[in-house]
Amino acid sequence: MGNYVASVEEISELKQFETFYKPIHGYLAACVCVFGVLANILNIVVLTRKNMLTSTNVILTGLAISDGLTMALYFPWALGMYIINGVEARPSRDTYQLAQFQMAYAIMSVIVHSVSIWLTVTLAVFRYVFIRFPRRGVRLCNIERAKTACGIVVAAVLFVCLPNSLTYEIVGENYNITLKDGSYVNGTVYWVDVKSATGFWEVFKNLNFWVQAIFIKLLPCFLLTVFSLLLLKTMRDAEKRRKRLLNKVPLSDGESGALSSGSNTGKKIKKTSRSNRTTRMLLTVVFMFIITNTPQGILSVLSGLIDEFFHNVYMPLGDLLDIMTLLNNGINFVLYCTMSKQFRETFIKIFVKKSTGANNGVRKTTTYITAQDTQATRDSDV
């Protein structure tokens, strides 16, 4: 589509932002990664408890594993490329060994992050089917099918990302520079680049770029947007049904906001309300993903359509896009704790009550909580 025509001011401002933010990015990213890895470990521990075993939580567990691996891979990258060796290219920093790590990171990070992306899509699909078709949803979205779906996602991502792993190569270039103190630095700097020396690799590179841009970035964001809108509509319909049911509850059952435990209508209302809370939490997870990943998808596509856009716009914003993705990978623990009563109570039971030495009274309370959690499990709530 021709060269990207940008004003000197635009390029200058983006370059200034890159120069300002790059030294900060390494330390910020390292802190986010440490928090995110620990948070996702806690997610896995809580979500794999017996009373938490649901199809939704199976997918959330897979999401926690892939998010945790994404951040675990980024942490040494941040240390090596930003903190320990600084951000300026030089022979002592950009060694062949570091380039080998860069290549492994480039391949593995795309795979695990892509798994996270498509597990988020799977989560939205499962939740929509479950609340849109409640009776069939229990059968269609059971635990075994959730595990199968996670396995299919991993296998499909490995297949789609295989071409990406074949496109990288390590290149080197002589580096000669005189420093401000008058000393002369001479050596070779190495980095990872995309193969394009021959016509075949040029075509292969372009094909791989569009596969990654469409199937790893744009398509998931589009699907998540569609299913989010469908979920919101279904939730509104469910809320209307809940209000109609409330109007049918006898006054003796509904005084002071309480519902008779023996009332079928009361049970339906409680179940609908609990399901809506779970859906709101999962929608928040999906919305966070859309907000943090859509800009990267759009910029990636524009980089393929417009010459020089990648170097003039995408690259200066690359670190900012990375930190947005990392924040999204690490924030789910906070969302679960603040929006899911069952997750919060299970977390307290595991990490707080055990550490404080629960007495008999506390154990009775724990048994009661577990009984409540089991009921929530049957309803496929988090």
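Just so you know, glycine gets a Cβ as well, placed from its N, Cα and C.
Annotation comment: TrEMBL describes 39-336 as domain 'G-protein coupled receptors family 1 profile'.
If you look up TrEMBL, you'll see 24-46 (among others) marked as transmembrane segment.
Here TrEMBL flags 58-84 (among others) as transmembrane segment.
Residues or ranges marked as transmembrane segment in TrEMBL: 104-126 (among others).
If you look up TrEMBL, you'll see 146-166 (among others) marked as transmembrane segment. Long-range Cβ contacts of the transmembrane segment (146-166) within its own chain (Cβ-Cβ under 8 Å, at least 6 residues beyond either end) map to 55-56, 58-59, 62, 107, 110-111, 114-115, 118-119, 122, 126, 204, 207-208, 211-212, 215-216.
The transmembrane segment annotation in TrEMBL covers 209-232 (among others).
Residues or ranges marked as transmembrane segment by TrEMBL: 281-303 (among others). Away from its own ends, the transmembrane segment (281-303) comes close to residues 56, 117, 120, 123-124, 127, 212-213, 217-218, 220-221, 224-225, 227-228, 231-232, 309-310, 313-314, 317, 321, 324-325, 327-328, 331-332, 335-336, 339-340, 382 of its chain (Cβ-Cβ under 8 Å, at least six residues beyond either end).
If you look up TrEMBL, you'll see 323-339 (among others) marked as transmembrane segment.
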Contact set, same chain, for the transmembrane segment (104-126): CB under 8 Å, 6 or more residues outside the stretch: 55-56, 59-60, 62-63, 66-67, 69-70, 73-74, 76-77, 141, 146, 149-150, 153-154, 156-158, 160-161, 164-165, 168, 192, 212, 216-217, 220, 223-224, 227-228, 231, 282, 285-286, 289, 293, 325, 329
Positions whose Cβ lies under 8 angstroms from the transmembrane segment (58-84), at least six residues beyond its ends: 22-23, 25-27, 29-30, 32-34, 36-37, 40-41, 43-44, 47-48, 98, 101-102, 105, 108-109, 112-113, 115-116, 119-120, 122-123, 126, 143, 146-147, 149-150, 153, 322, 325-326, 329-330, 332, 382
Positions on the same chain near the transmembrane segment (323-339), where near means CB under 8 A and six or more residues out: 25, 28-29, 32-33, 35-36, 39-40, 42-43, 46, 60, 63-64, 67-68, 70-71, 74, 113, 116, 277, 280-281, 284-285, 288-289, 291-293, 295-296, 347, 382
